[in-house]
Amino acid sequence: MMSAGLISVVAALTLPCVAAVLWLRLLFPQPAPGRWPLLIGYGYVLGLLGTTLQLRLQAALGSSMDPVLGLTFWPPILTAGILTMAALGLYRLGWTVTTMRSCHAHASRRPMPLQRLLVALLLLLVCIRLLNLSLEVWWLPLYPWDAWTTWAVRAQIWAHAQDLVPFVGPDTWLDDPTGETHSIRAWRYPPTVSLIAAWPTLAFGSWNETAVNLPWIGCALALALGFYGQTRLWGATALTSLVFTWLLLSLPMLNTHIALAGYADLWLATALGLSFFALMHWVRDGDWRQALLALLLALACALIKREGMIWMLLFLPTVLAARLSRNWLLLVLTAVGTGGLLVWIAGGIDVEVPMLGNVIIGPDRLELSWVGVFSLQLGGSWEPVIEHLFIRNNWHLLPFLIPVSWLVAAVLIVRGLGDQVLRAGLMWTTLSLLAIYVLFFWTDASQWADSGASINRILLHFAPALLFWILTVWSALISDRPTCS
């Protein structure tokens, strides 16, 4: 990269994130273990997502011939600068959110020399891992198949045109006499990830594949920092948090999606994971700031990929599991099961859901207007699932830890030792695994599992959240029950 272009790219990737971090600092002013990693991790993702929303607004209001609107570099940078100065001004004036006192004490004992040594070694391993991945992202050209066919194609066209040139279906494209539309197979996917790829290119001034790839290493770093920060706020020691962070960053499939920058699945895994971390904190402490983070990142899932809308909806029963007593929860589950049985007996249901469109649920068909149409029929095979999870070296220990942790959480709840955190976590994990099962065994997406094309990418969406959930389960098992005084 040329020096001037590199400076612009650095500004594009840092200034919106600095603005988001400073505003988050107003929400979390009290020093606490893991606060700054949390602020930086969440700030990076929210800053870039906010930039894509402004780019969409600019494109809706202007055109490529407009020096201010359209897809241009300077308006988002000016917005980020204004927000940064405003946050700094409010902080100097002492405007911060009144902090909440958690009933759950943080690990505060001074670490032993051996623990400090292990922390240093783990931190070194994490840094080396991130450095290696950063070099891969810096050196490799745009390589992933999905980038060639979907995400980078739109990014390159939009960056050159400085406008959100429409992408339509093949039939509409063939019938368009103007030649102003484009078509790709995944033309219905949201534009967010393509705009993330286009944003540093707009800063650089021309198409540059290194600049396009850089947001992905930032996303990986944000995921690691957000994960570490939330585990520390959960009460884990620095050593425990680093162990779990290393477990996360050592997942081969996660590493693949970082090094082969260009897939959207890393962004969806990060948004879903960060949302789940914050949701669990809200369930435990009732902290509205964590609830706000959970809501923002859950909504972001729907902006990243179409399946993100379904993953986002998994949080609704999770909240019910956290807020309802066990008896009421059983009553609600019974009512839902009875309703599902009645729908099946009646031959299905066809309803129009506000903001979501048409929803058709039948014994042999599932149609969601924002996702697609799926034929429901038991099929698929366990062989590719077992191969990718347990035989191939894709996920290390994660597939073994999930069922063990699930059993531990279930036993604690049945014995009356589980609180709302265990109920909510078990509900979300069970629904997530059930959603994956239905997708790969009851729909025509089973061919994705048989070919290995998408099974690991779908599992990646849930991996960070599942690892955090495992931490919460084992923390509940070994820690004393805290009380508020």
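Glycine is no exception: its Cβ is also placed from the backbone N, Cα and C atoms.
Per TrEMBL, the features are as follows:
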type     : residues : note
TRANSMEM : 6-24     : transmembrane segment
TRANSMEM : 36-53    : transmembrane segment
TRANSMEM : 73-93    : transmembrane segment
TRANSMEM : 114-135  : transmembrane segment
TRANSMEM : 233-254  : transmembrane segment
TRANSMEM : 266-284  : transmembrane segment
TRANSMEM : 290-316  : transmembrane segment
TRANSMEM : 328-349  : transmembrane segment
TRANSMEM : 395-414  : transmembrane segment
TRANSMEM : 426-443  : transmembrane segment
TRANSMEM : 458-478  : transmembrane segment
Positions whose Cβ lies under 8 angstroms from the transmembrane segment (458-478), at least six residues beyond its ends: 223, 227, 230-231, 234-236, 240, 244, 247-248, 251, 253-254, 257, 265-266, 268-270, 272-274, 276-277, 280, 307, 311, 388-389, 395, 398, 401-402, 405, 408-409, 412, 418-419, 421-422, 425, 428-429, 432, 436, 439-440, 448
Other parts of the chain folded back onto the transmembrane segment (6-24), taken as Cβ under 8 Å at six or more residues beyond its ends: 39-40, 42-44, 46-48, 50-51, 73, 76-77, 80-81, 83-84, 87-88, 91, 199-200, 202-205, 208, 211, 214-215, 218
Result, the transmembrane segment (395-414) in contact with the transmembrane segment (36-53) (3+ CB pairs under 8 Å): no
Outside the transmembrane segment (395-414), six or more residues from its ends: residues with CB under 8 Å to it: 247, 250-253, 389, 422-423, 425-426, 429-430, 433, 459, 463, 466-467, 469-470, 473-474, 476-477
